[in-house]
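Student: Structure in C-alpha cells, see below.
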Amino acid sequence: MTAIIDIIGREILDSRGNPTVEVDVHLEDGSFGRAAVPSGASTGAHEAVELRDGGTRYLGKGVERAVDAVNGEIFEAIGGLDAENQIQIDKTMIELDGTSNKSRLGANAILGVSLAIAKAAAEAAGLPLYRYVGGPNAHLLPVPMMNIINGGAHADNPIDFQEFMIMPVGAETLKDAVRMGSEVFHTLKKQLAAEGHNTNVGDEGGFAPGLASAPAALDFIMKSIEKAGYKPGEDMYVALDCASTEFFKDGKYVLEGEGRTLEPGAMAEYLAELAGKYPIISIEDGMAEDDWDGWKALTDLIGNKCQLVGDDLFVTNSARLRDGIKMGVANSILVKVNQIGSLSETLDAVETAHKARYTAVMSHRSGETEDSTIADLAVATNCGQIKTGSLARSDRLAKYNQLIRIEEQLGLQAAYAGRSILRG
C-alpha cells in the first residue's frame, strides 16, 4: 500500500529568485509528500554537487537537468519500491548516480526525492514528519540561532564575519524564544535607524548595516538585548558564523573590513578574545574548511567552553566528521540536508556526532523556500539547536511557525532545550 506510484519533479524559485527543485511523491494508498530543495551562497568545497544547467537560461542557474533526472532515471529506478524503506531508496539513488559527490544526477535531485518520500511515508503512517523520523522520543524543541546582523558573503558591507546571531537560551518554551528574538530584532532595527544605519534586510532576514568590525556589530547587539529588557549572558547569548573560508587567502585570514591580516594562530586568539569579552557560546567556521591545524588550535584554546561548529569543515559528511573527531577538531556539526544530499545520510551525520558527544545544529541555507522540513528534522533528531535565519522573511518564518505548531502538538511532552545546550 505504500509503494511509490508517481514522482513529479519541477523547477520552482527560491527566496533569492533562483531556480530550485521541488518534488511530489504519490503512494499507492493515496498518500502524498512534497519537498523543495534549498541552496547556499557560501558553499563548502566538499559539499555534494548541486546540478545546474549552465547556458543563458536563468543566467545558467536553471535546474531542468536535475528535474529531468527526477522524472526519468530516478523514477525508473525507485518506482514501485516501498516508501517506508528510506535507507534502501536513498542507497538506490546514490548508487544510480555513481559518483562520490552526486554530480551526475545532482544532490538537488536526489534530496528532493528523498525528503518527499519521507513526507509521503509519514502521511501514510498517519504521523507528523518529526514523529515518523524520530520515533516516540522526539520531543525536544531546539534553541534558535537567530541571524540579526549580516556581513561577509551575505551582505554588501565592511563586516568580515557572515552572521551575528542571538540565542534565547533563557526562554521557558520555543514560543517564548521566538517572542524574545522578535523583540530584540525590532529593538535592533530602531537602534540602527536612530544612528543612521540602513535597516534593509538581507537573504536571511538580518540587517546589513555599514559597521566596520565584529566588535561594532556585537556592541549594537548587546545594547539591543538590554534595551529589549533582557540580560546578555543570562537570557540571551550570541553565536557567530565567521565563514572564514571566504577570507582565507594564501594561508592567512584577511580581514579587509578591520584592515588586518592574521596568521591562523592569531585568528584563533582573536576569536578567543571575542568569546571572552562577549557572551558568545557558539562559533561556526571560525577557521577555514581545510585549515585543520588552525581548527585544532582554536579547539584547544576555547573548545571546553564554547561550541565550535564545523559547517564548511564537515559539510554534513560523516566521513569528514569522523576525521575531525579523531583529530579532536571542533565539537559540533552544522547539519544542512543539501550538503550531503539525502535524508539517510543526514540522519547518519547527526548520529555520528551524538555518539562522539559532539552537538548538532540543524540548519537552513541562504536560498530557502516555504518548505519547513528542517523544523521537523530538528525535533526528530533531538539536536537541541536550529539555525534558520532572522525574524523576517516568510521563508525563514515558515520554520519558526512550524516549530510553534510542533510544540503545541506535543503538549506536555514538549521540552525546550534552553540552558541544556550551554557548555562548561
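Note that Cβ sites are derived from N, Cα and C of the backbone, with glycine treated the same way.
Found this in Swiss-Prot, in case it helps:
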| type | residues | note |
| --- | --- | --- |
| BINDING | Q162, K336, R365, S366, K387 | (2R)-2-phosphoglycerate binding site |
| ACT_SITE | E204 | active site, proton donor |
| BINDING | D241, E284, D311 | Mg(2+) binding site |
| ACT_SITE | K336 | active site, proton acceptor |
Student: Around the Mg(2+) site (D241, E284, D311), what further same-chain residues have their C-beta within 8 angstroms of the site's C-beta centre?
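Tutor: Going along the sequence, the neighbours appear as Q162, E163, L240, C242, A243, I283, D285, V309, D312, L334, K387.
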Student: For D311 (Mg(2+) binding site), which of the listed recorded positions (Q162, E204, K336, R365, S366, K387) have their CA atom within 10 A of its CA?
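Tutor: If one measures from the Cα of D311 (Mg(2+) binding site), the recorded positions that come within 10 Å are K336.
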Student: Whole-number Å only: compute the distance from the Cα of D241 (Mg(2+) binding site) to the Cα of R365 ((2R)-2-phosphoglycerate binding site).
Tutor: 13
Student: Cα-Cα separation of Q162 ((2R)-2-phosphoglycerate binding site) and the residue listed as 'active site, proton donor', in Å?
Tutor: 11
Student: In which DSSP state, out of helix, strand and coil, do we find E284 (Mg(2+) binding site)?
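Tutor: DSSP call for E284 (Mg(2+) binding site): strand.
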Student: Using a Cβ cut-off under 8 Å and a sequence separation of 6 or more, which residues in the same chain sit near K336 ((2R)-2-phosphoglycerate binding site)?
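Tutor: Listed in sequence order: P38, G40, D311, V315, T316, S363, H364, R365.
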Student: By CA distance, which of the recorded positions (E204, S366, K387) lies nearest to E284 (Mg(2+) binding site)?
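Tutor: The answer is K387.
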Student: Can you tell me the CA-to-CA distance separating S366 ((2R)-2-phosphoglycerate binding site) and the residue listed as 'active site, proton donor', as a whole number of Å?
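Tutor: Just about 6 Å between their Cα atoms.
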Student: Roughly how many angstrom lie between the C-alpha atoms of E204 (active site, proton donor) and K387 ((2R)-2-phosphoglycerate binding site)?
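Tutor: About 10 Å separate the Cα atoms of these two residues.
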